[in-house]
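S.K.: The structure's right below; bear with me while I get my questions together.
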């Protein structure tokens, strides 16, 4: 089930893009602004909106750590911002001053990729704010781009319908005619996969276009073949051009938005449609999954952004599709840990983890000290990468193991002092008090609250206490 839990209606013109970090949601619009919201209650931050662009803002994105926010505009520039206080850190003018349509950070945030209407592709050095390399697609405007999770290559999509794979030296590795009437968006799953049968390593990519289609691709790497873009399947769920697509954090779902005003969520392994959402009243231009919570944001030419909460336990067939639960991870074997390492692009550590008999229980206990002193991982960067992946696993397992009715709909955290509002829903007291101090509508229905009275939900508080006791046994 996908439940609409909140609607943002602050933009005065079409919403062009939305992007999550672990703490914020950013949206941008034809109205020349970027707006930034806290994921705690979706309150707009005090410095928002960011209004330095002279014309429409087409795209915005966070760096993987969430410490930087980038935007790009018809004014021919990309901009870098500090999302903590809204300071503009740099203005990056596109060579030729062509309207910049799309931007993306590299996985290590060293580079910002910017693509423009004249087909130019630029890599900016984020540390120095200087142009690192530039190139150009062979035909059409640059409409889409995505980095591989390991940062060794990126993909661009153009209005001519081509998908092009580039390495980080801006060399063209592969070109494929993908969508007859033009590519509108593309995304690469953050989970690379190794094929045990033939030893090939591949990344899964989604693309969409003016031909009403979403296509899934495999990007293959092999010493004797080089790089190949291999067609996997087509997802047919829309009746009009598809303007946006994005993978979920675990790669198990892909979402799309279309001129037909619908949002469709697919299961990537089967291609089955899990949900069709039709609450937008005009073209759906953007969609994005949150990285560490079951949230989806969709934006539209109707000037709104809808926030959806997903029930990750449901599939279209009615079967449960559980994410890794905490109990399951604790019971992982050493081989399960090895498979997880490979899926996180950490295959080089398989031998080390096996040598130290790291199973699921030991994996969850690892700290930066044990990685350095016991496993002897000398590189600070590699230790940080391993620890980040373990922390993501911990966050996922905890959020999935907690019964949904015990989580506050605003914060998505376990409630300590639940209260019932006049909309009939229960919330964490502090979160709801903060909510109603700024607005008089229900966080769940967006309808006006009849009263601001909050009643303690003692029955729910007792149920949460009993559940916590069972978890500690």
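Just so you know, glycine gets a Cβ as well, placed from its N, Cα and C.
Caution: TrEMBL annotation is automatic and unverified by curators.
In case it's useful when we look at the structure, here is the feature table from TrEMBL:
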DOMAIN    332-396  domain 'SAM'
DOMAIN    401-473  domain 'U-box'
REPEAT    50-91  repeat 'WD'
REPEAT    100-134  repeat 'WD'
REPEAT    146-167  repeat 'WD'
REPEAT    235-276  repeat 'WD'
REPEAT    277-311  repeat 'WD'
S.K.: Counting only residues 6 or more past its boundaries, what in the same chain has a CB within less than 8 Å of a CB in the repeat 'WD' (146-167)?
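M.R.: Same-chain contacts beyond the flanks: 104-108, 110, 113, 115, 119, 121, 135, 137-140, 173-192, 203, 205, 207, 209, 217, 219, 227, 229, 345.
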S.K.: Residues sitting near the repeat 'WD' (235-276): Cβ under 8 Å, six or more positions beyond its termini, same chain?
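M.R.: For the repeat 'WD' (235-276), the nonlocal Cβ contacts are 1-2, 181, 184-191, 204, 206-216, 282-292, 296, 298-300, 310, 314-317, 321, 323, 396.
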S.K.: Provide the three-state DSSP residue tally for the repeat 'WD' (50-91): helix first, then strand, then coil.
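M.R.: For that range the per-state counts are 0 helix, 21 strand, 21 coil.
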